[in-house]
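Undergrad: The annotation transmembrane segment is assigned in TrEMBL to A:41-63, A:103-122, A:134-155, A:175-192, A:235-254, A:288-306. According to TrEMBL, the domain 'ABC transmembrane type-1' annotation covers A:97-306.
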Amino acid sequence: MWFRRSTSTSLSRKRPDTPMKKIKGCFPVLKRQGHGGKKEWAGILFILPSFIGTGIFVLIPFADVVRRSFTESISGKWSGLENYRAVFATPAFRLAASNTARFTAVCIPLLIMLSLLLAIFLQRQGKAGSLLKSAFLVPMAIPVASVVLLWRVLFDNQGILNGMLQRLGMAGSDWMNGGTAFWVLVFSYIWRNLGYDVVLWMAGLSGISESIYEAARVDGAGEWKCFWKITLPNLLPSMFTIAVLSLLNSFKVFREAYLVAGDYPDESMYMLQHLLSNWFRELSMDKMAAASVINGLVIFVLILLLKKAWEKEG
Amino acid sequence: MRKSKKIIHFIIISFLGILGFTACYPVLFLLTGSLMGAVELTDRLGPALGGAGGYVSWRLLPVYPTLKAYVNLLIDSPEFFVMFWNSIKLTGAILAGQLLVGVPAAWGFAKFRFPFKKALFMVYILLMMMPFQVMMLSNYLVLDKLHLIDTHLGIILPAVFSTFPVFIMYRFFESVPDAVIESARIDGAGNFQIFFYLGIPLGSAGIISAMVLGFLEYWNLIEQPLTFLKTKSLWPLSLFLPNIGLNEAGIAFTTSVVVLLPAMLVFLAGQDYLEQGIVAAAVKE
């Protein structure tokens, strides 16, 4: 039943708009008074504590990092783009960047398609569907530290997976050492984030009015046609948002990678996060500063794209 | 026709059921392992520990269930209690701080108009999406300056000013109807009264959503303590586990279960809010 409730809240949060607008229209004077001159500044008071903290702990130090990315770490002399050149010249950086790009290119489409498929099925199952949705959300709550044990036992050379494969007459492999380590990471990401994306898709699906489907069915449209002509076009705006959120969640896969395989895992799963942690430990401040700025910029561009998507939706 | 449809439906449901069970299997795996005796564990895990030949063979349920591992953990490992307490302290302090700072900020963003608000909010969104590794160096610089390296405060303070909860709560406060606020204002309520008596109760779902998401995040804290806490007695439980080798499997399993338990409880109690929080981040109204 809670499933019904959660969908109705997403609807009811949409609904107040219409009657409210009417009321607003009736009392134009009140509205102006509420947002009039002096009172506006009270908003800043509410935000001030948070803003000061953010300034001290994030904004000012990050500005310092940007400055450092253009200077030599020891002498503090201006070095222009030297640090950036050094970062791109490091083979480890190129390896990590290409691994991260490859991971993203494989994971995001896979996760999005799987979760959409699941969401469409679950949407129709009523009570069983909501129960299953909870089951897929559970991994989100399982602490990384708790899973590490299972991953080790599962993917060990003499672990459960290889044991099962052998019983089926297939050859196993040393999953964590070699190219397969990358796929273990992909699996781990999908497992943890499937429920998250299913919830997002289901919210999108519940926004499509049933009457459109009914009208289409009356006109003789089959399941496939309904999916291609109604479901997919209606979900397209959410698709982009979901893609970006999935991408941002993909950075967190480092926790599993790190706890399972340590600082220097198999080459195939050496990510940018590994590289940055290692540079940090080696105290290569100038390279690290430049790499932070590059990473931050890439994410900044992605978020601008997300913002555009939001504005299109709204 | 009807019958074949029913069969297809049954196949789909059972397939999804198996998939869902697989997704949740780690929970069962850890429970089973924690209830196994030391002999059974070594016997089963032998191949992965090195030494024994063959493969790890697991069972759905232990053959000789025992609570001995839990007793061992509770009696023989004082460091476990220290770390458990550290976890609670860190998570609790972070969430309390986020409430104190984040709730008013979210209200301010949602219900007031002032210069540069849009730009400032954009900065908040940007910051909430940066992964830890991008902010690691700047975090280190400021903590070093304030002499907060290797203290709990050095973990707590940056997290308190995380902008993610502000964003989630903002989404919920936004939907508090303006008309309600206007009528309260006409009745003579001040800004703070409106915030306490209208904003907080009407936005409570958003506050709880942010707290549930926050709990799952901070109970799972790994990178920050690993980077900024050198003293092991300050570490949270999430760092205790990776340090236990498989040769101490008994303790590893029971600790895993203990780490899992609070997260599971919060998940079960707050699933509604968790889902609302997830959707709030994606759907713009």
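Using the three backbone atoms N, Cα and C, a Cβ is placed for every residue, glycine included.
Automatic, uncurated: that is what TrEMBL annotation is.
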Undergrad: With pairs closer than 6 in sequence left out, are the transmembrane segment (A:288-306) and the transmembrane segment (A:103-122) joined by 3 or more CB pairs under 8 Å?
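TA: Result for the transmembrane segment (A:103-122) with the transmembrane segment (A:288-306) is no.
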Undergrad: Among the recorded stretches A:134-155, A:175-192, A:235-254, which has the greatest number of Cβ pairs closer than 8 Å to the transmembrane segment (A:288-306)?
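TA: Comparing A:134-155, A:175-192, A:235-254: A:235-254 has the most Cβ pairs near the transmembrane segment (A:288-306).
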Undergrad: What parts of the chain pack near the transmembrane segment (A:41-63), using Cβ distances under 8 Å and only residues at least 6 beyond its ends?
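TA: Here the qualifying positions are 296.
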Undergrad: May I ask for the residues of the chain that lie six or more residues beyond the transmembrane segment (A:134-155) and have a Cβ under 8 Å from a Cβ within it?
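TA: For the transmembrane segment (A:134-155), the nonlocal Cβ contacts are 118, 161, 175-176, 184, 188, 191-196, 198-199, 255-256, 259-260.
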